[in-house]
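According to Swiss-Prot, the protein carries these features:
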DOMAIN    1-189  domain 'Glutamine amidotransferase type-1'
ACT_SITE  C78  active site, nucleophile
ACT_SITE  H163  active site
ACT_SITE  E165  active site
DOMAIN    190-383  domain 'GMPS ATP-PPase'
BINDING   S217, G218, G219, V220, D221, S222, T223  ATP binding site
Amino acid sequence: MILVLDFGSQYTQLIARRLRESGIYTEIVPFFESIENIQKKAPKGLILSGGPASVYAKDAYKPSGKIFDLNVPILGICYGMQYLVDFFGGVVVGANEQEFGKAVLEIAQNSVIFEGVKIKSLVWMSHMDKVIELPKGFTTLAKSPNSPHCAIENGKIFGLQFHPEVVQSEEGGKILENFALLVCGCEKTWGMQHFAQREIARLKEKIANAKVLCAVSGGVDSTVVATLLHRAIKDNLIAVFVDHGLLRKNEKERVQAMFKDLQIPLNTIDAKGIFLSKLKGVSEPELKRKIIGETFIEVFEKEAKKHHLKGKIEFLAQGTLYPDVIESVSVKGPSKVIKTHHNVGGLPEWMDFKLIEPLRELFKDEARLLGKELGVSQDFLMHHPFPGPGLAVRILGEVSESKIKRLQEADFIFIEELKKANLYDKVWQAFCVLLNVNSVGVMGDNRTYENAICLRAVNASDGMTASFSFLEHSFLEKVSNRITNEVSGINRVVYDITSKPPGTIEWE
């Protein structure tokens, strides 16, 4: 196992993902993790991530110096390399020419870490400081036009000024793999087949004959959790799907069909009337989210109580992923809340369940791979992300049954055309937003004054940042024509070309 010490880089999670993609299990902890906890994990190597600080600043992030007593190989990346240089007595200064973006790496000396790597390759730089003097015992392995010490080595300690974890670094994956396999002696034992076998055995032992309650949203995470649990405990799983009436067209039927195919009993609760009555007259986004969250808990509690009376439920399952775990102990501290997230948090006290989070070690792409391993259909697994509050946050202003129907039909057309054009899997997320404005139009010889709808499609890797998708004008024209001709009450279609930041992916 490789352990990454996080110094606050935006790329830290990519380090773990790249190594896991190579079959090497990797975890992330904050840089201030105690040496005792690090020892308990027994890593075969440490990677010190990049970060936004300067090593010579008073408030610079610095780990315990005892990491060097562990006698395991260490790789410092960007800030991590600068920390190593500073710790061992070298000199790091603010660079006159800062490096951001692509640069050419030229290997100057052979090293095991560059085994099978091209002499010259493109790498990704993102730093404002530079090393001007190496500590005693270190040698320079590679350079770039603005970094004379772009890669360094001293025995089992290595430093890279560039970011091998980002895709723009052509040989980055190979370099990380060399460190893990050739330097640290790791083996390629990580994969979803192994994870599924191990986790099913663990769940069987932990849960035994107890019952587990699992809220199913119809998304990837909760579906994979339910499938994994059912493999482990069969009918002791109680899967509950709350239909709040704010789903995409045919969504309920799609989820029911999937669970039937997986042979998992699904308790479907039709709560559309309750949700819509409570949302009546409400237009403020955060209030809509709050009402939906509270109503979900109310409906979920009622259903849970019914099953609880039949036989005590001991566990509650959630689809927590590894990024959630990492961020809960982030070196950056609590972030300002942009939007609240709908979850099953805030459940009543009588639900004193023990929490089970089978996916807490996995990234989103790994959860999809696990789903595939467990037999969940590829089509289902590749469905675009969908917010917990559903279409309520894609209808600007007050929610009504007629608006939901209008949005469902328009959204269905947009997604259908994306699939026909083989574009659906090329964009990260696509959907329609029903705007709370009307516009003047002409249909035949008549003047209309109807709703405008917005198409939104973005490219992203994890949703933290996103850029709008460049869709052909002819494609957008086709979608616009279909929506205005086939969906009653819509006479104008617009396309959102805002990236994140400054905007968010969803409108509310």
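Every residue gets a Cβ built from N, Cα and C, even glycine.
Locations of recorded Swiss-Prot features on the structure.
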residue	record	CB count, 10 Å
C78	active site, nucleophile	26
H163	active site	23
E165	active site	28
S217	ATP binding site	23
G218	ATP binding site	22
G219	ATP binding site	17
V220	ATP binding site	23
D221	ATP binding site	20
S222	ATP binding site	21
T223	ATP binding site	28
Seminar exercise, completed: T223 (ATP binding site) falls, by DSSP collapsed to helix, strand or coil, into helix
Exercise. Of the active-site residues C78, H163, E165, which sits closest to S222 (ATP binding site) by Cα distance?
Worked result: E165
Exercise. Around the ATP site recorded as S217, G218, G219, V220, D221, S222, T223, what other same-chain residues have a C-beta within 8 angstroms of the site's C-beta center?
Worked result: V216, V224, V225, G319
Seminar exercise, completed: Candidates C78, H163, E165 (active-site residues); nearest Cα to V220 (ATP binding site) turns out to be E165
Exercise. How many Å separate the Cα atoms of G219 (ATP binding site) and H163 (active site)?
Worked result: 33
For this session: Check G218 (ATP binding site) against DSSP and tell me helix, strand or coil, would you?
Result: coil
For this session: Whole-number Å only: compute the distance from the Cα of H163 (active site) to the Cα of D221 (ATP binding site).
Result: 30
For this session: Write down the Cα-Cα distance for S217 (ATP binding site) and C78 (active site, nucleophile), rounded and given in Å.
Result: 40
